[in-house]
């Protein structure tokens, strides 16, 4: 996708968590190692938006059973995503975490000289993918969405072995696929609000398989990686 001066990387929770909810220590170590190598060889800056993952869903499901309303449940998910981001910040910088709570906070942290910002969600009613799209729009950056499949498929590749990877797809085509409920395994990752932001701002978006984490940084370097470009 061309070497990126400023990139936003959305890390899906499926990459960070085991099925039972524990963090994948090996993956986090590998991601941070690749990130350090990328920064050492480039002038790039990166905003890492971390999802809540299984841990957030556990809290949300418990809260729902306890009668908590959906807006408050969203906020619980945001807090968990920020805790995930704080853990990665602490491991990367070995200092108390500075986690943005607004878009302005992101700008301030980058202006202070930080080359990497770690963050979770920003507000209820918004997925962390939408958050990542808004950050990319605000910073005029590119967006990489890292998930557990190689991109967007014609059907769910985990259920349909005949599904094929789409190398390019337009926002309008994705909208039609949403209406047919055929966005292969991506409903949880690319929602309609995210598509609205991508379309209005013409953000460059590439969806790829984030495991191994080297895939993400190969894409940031402009190397060819399997995945899907979303065209506004």
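Cβ from N, Cα, C; glycine included.
The structure displayed is predicted, hence computed values, not measured ones.
Among the features that Swiss-Prot reports, ATP binding site is placed at 13, 14, 53, 57, 147, 153, 156, with the record citing sequence analysis. Counted within 10 Å of its Cβ, the other Cβ atoms near residue 147 (ATP binding site) come to 26, all protein chains included.
If you look up Swiss-Prot, you'll see 52, 74, 122, 123, 124, 125, 126, 127, 128 marked as UMP binding site. Just so you know, the Cβ of residue 128 (UMP binding site) picks up 28 other Cβ atoms within 10 Å once every protein chain is counted.
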Margin query: As a test of the contact definition, list every same-chain residue at least 6 positions from residue 14 (ATP binding site) whose Cβ is closer than 8 Å to its Cβ.
Written below: 53, 147, 148
Next item on the list: Please find which two of 13, 14, 53, 57, 147, 153, 156 have the most distant C-alpha atoms, given that the record lists them as binding ATP, and give only that distance in angstrom, rounded to a whole number.
Entry: 25
Notebook entry, point to check: How many other Cβ atoms are found within 10 Å of the Cβ atom of residue 122 (UMP binding site), counting all protein chains shown?
Noted result: 21
Notebook entry, point to check: What other residues of the same chain, not counting 52, 74, 122, 123, 124, 125, 126, 127, 128, have a CB atom within 8 A of the CB centroid of the UMP site?
Noted result: 77, 78, 121, 130, 131
